[in-house]
Amino acid sequence: LGLLYQEYRDKSTRQEIETRRLQDSQTDPEESSPSEETPSEAEPTSTTESKAPPQISLLRNSNSRFNLWQDLPEIRSSGVLSILQPDEIKLQEAMFELVTSEASYYKSLNLLVSHFMENERLKKILHQSEAHILFSNVLDVMAVSERFLLDLEHRVEENIVISDVCDIVYQHTVNHFSVYITYVSNQTYQERAYKQLLQDKPAFRELISQLELDPKCKGLSFSSFLILPFQRITRLKLLVQNILKKVEEKSDRETTALDAHKELETVVKACNEGVRKMSRTEQMISIQKKLEFKIKSVPIISHSRWLLKQGELQQMNGPKTSRTLRTKKLFREIYLFLFNDLLVICRQIPGDKYQVFDSAPRGLLRVEELEDQGQSLANVFILRLLENADDREASYMLKASSQSEMKRWMISLAPNRRTKFVSFTSRLVDCPQIQCVHPYVAQQPDELSLELADVLNILDKTDDGWIFGERLHDQERGWFPSSMGEEILNPKIRAQNLKECFRVHKSDDSQRRKLGSRNRQ
C-alpha cells in the first residue's frame, strides 16, 4: 500500500498476466499458480478461543507493502490458514485485493488534490473556470472513496476471515457512485483544457513539470492522476467479477456479488456514454459542415447517430465484367462516412469538402469478398445497396489498401455477416482467445482500446497483423494489432474463461444478448 494506485494497478495486472501464462502452459487449469498456492500449514488454534479482531488499518497505514491476505501477520498467527479450504483462501484474496486497491486508489487521489489541485502557485496561474474544468468534481470523488474505504476497512477488522465485501460495494454504487459519471463525462473537456493550458501558459507547463518531478509522484505524470477515477470504476467492476467467479454457486455471497456487478455495470455504461456523447456531438457537427449533397440532402446530425468508420476506398469504374482487366485506371477514389444507421458515399472536393453522390440505410447494405483475382484486384469487395438514394439497388466494386482494411470495412458495413470464428454469444465450448500484454488506445472508431490482462475471443484475423476481437468481460468488439496480445493455447483455460463469463452474466442473459446485438451494430 506504499504504492500509488497507478503502480498497484500495473503490478496487479502484470501478476494476472503471469498467472494466466503459467496456467496456459499447464495441462490442468486447476493447478494453482504460485500466487495462489495454499500456504504451508500454521499451528492450529482452538476455534472456540475468542480472538480480538485484527487491526488492519489500510487507510492510516499507508507505508505497508503490497500484501496478500494470507501473508498478513494477523492471518499467519491466527491458524486460520490450516482450517480454510484452498478455494476459500482464493476468495479471501480476491476480496482483500478489492479493499487494498481502494486504499491505494485513495492515496493517489489524495496526492492529486494535495500536491496538484491545492498548490498555491497553481491556484494563481489558473482561472477559476480553468481549474473547474481540469479538476471537475474530484473532491466529491475523493470523499466517496474515503467513505467507501472506511466501510471496507471496518468489515476487514470485524473478523479475521472476511465475510463479504460485495454488499458494501452494492450500497455505495447505488447511493454514491454517481459522482464518477459526472467526473468521467467531463473527460473530453478536461483533456482539451489540459492540452490548451500546456500550449498557452508556459508558467502552467513549467509548474506541472516541477510538481511531476517530486519524489511523491514516483515518476508518474499529472495526466495519469487525472484519469484515475475512470480507471478505478472500470477496474472495480472487474474486481467484483473476480470475486463472483470464486464464490460458491447459489449462495448469499453470489447474490450480493451479482447485485454489485449489475449496479457497477450500469455506472460504467453511463460513464462510457457520457464520454461518447460529448465527443460524438462535436464530431457530427464537424462532418455536417464538410458535406455537400449532389443528391437529395440527408440530415446528418441526430441524437441517436454516431460515426463508426470513415475513409478512402478505390471504386472500380465500368461494369462488373471489366474486373478481369489489369489496370489501375479502372479505379477512382471515393470517400465513405459510415454511421450506425446510415452510409454516405462521397468524392472529396477542394476545400476539405466532400460531395455526396449516394447513400443508404446501414441495414440495407450487403458485402461480398472477391477472391483469387490477381494482384491488381487484391483486397477488392462488392458493396451492394439494396435501396440507395434513388430508391433502387446499386452495386460498388471497392478496393481497400490492405487485407485488414478490407475486412474492417466489410465487418463495419455488414455487422451481421459471419466472422471467421465463433462469438461469445454463440455459447460454443471453444474459440480462439488472446490476452492483452500491452495496453492499446483505439485510433479509429472501429478499434478497441485494451487494458493489460484483458481476455478476448478472436472473431477474425488478417495476414497483416490485425485481430477483430470480443472482450469477455463486457462483450465490446473491435480491431486491434495482434502484437498487443498473446494467444491462449490451452483449450481447458479457454473453456474455463468462457464458463466464468457465462456465470458472471447469468443473472441477465437477455440483457447480455441485447448488449451483444448492439455491439455488432
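Backbone N, Cα and C define each Cβ position, glycine as well.
Taken from TrEMBL, the feature region 'Disordered' covers 1-56. Look at TrEMBL and you will find 7-23 tagged as compositional bias 'Basic and acidic residues'. Positions annotated as compositional bias 'Acidic residues' by TrEMBL: 27-40. For 41-50, the entry in TrEMBL reads compositional bias 'Low complexity'. Look at TrEMBL and you will find 90-274 tagged as domain 'DH'. Summarising the annotation, TrEMBL assigns domain 'PH' to 306-418. As annotated by TrEMBL, domain 'SH3' applies to 429-490.
Broken down with DSSP, the compositional bias 'Basic and acidic residues' (7-23) shows 17 helix, 0 strand, 0 coil. Mean pLDDT for the domain 'PH' (306-418) in the predicted structure: 87. Secondary structure of the domain 'SH3' (429-490) per DSSP (helix as H, G, I; strand as E, B; remaining residues coil): 3 helix, 29 strand, 30 coil. Residues of the domain 'PH' (306-418) grouped by DSSP class, helix first, strand second and coil last, total 25 helix, 53 strand, 35 coil.
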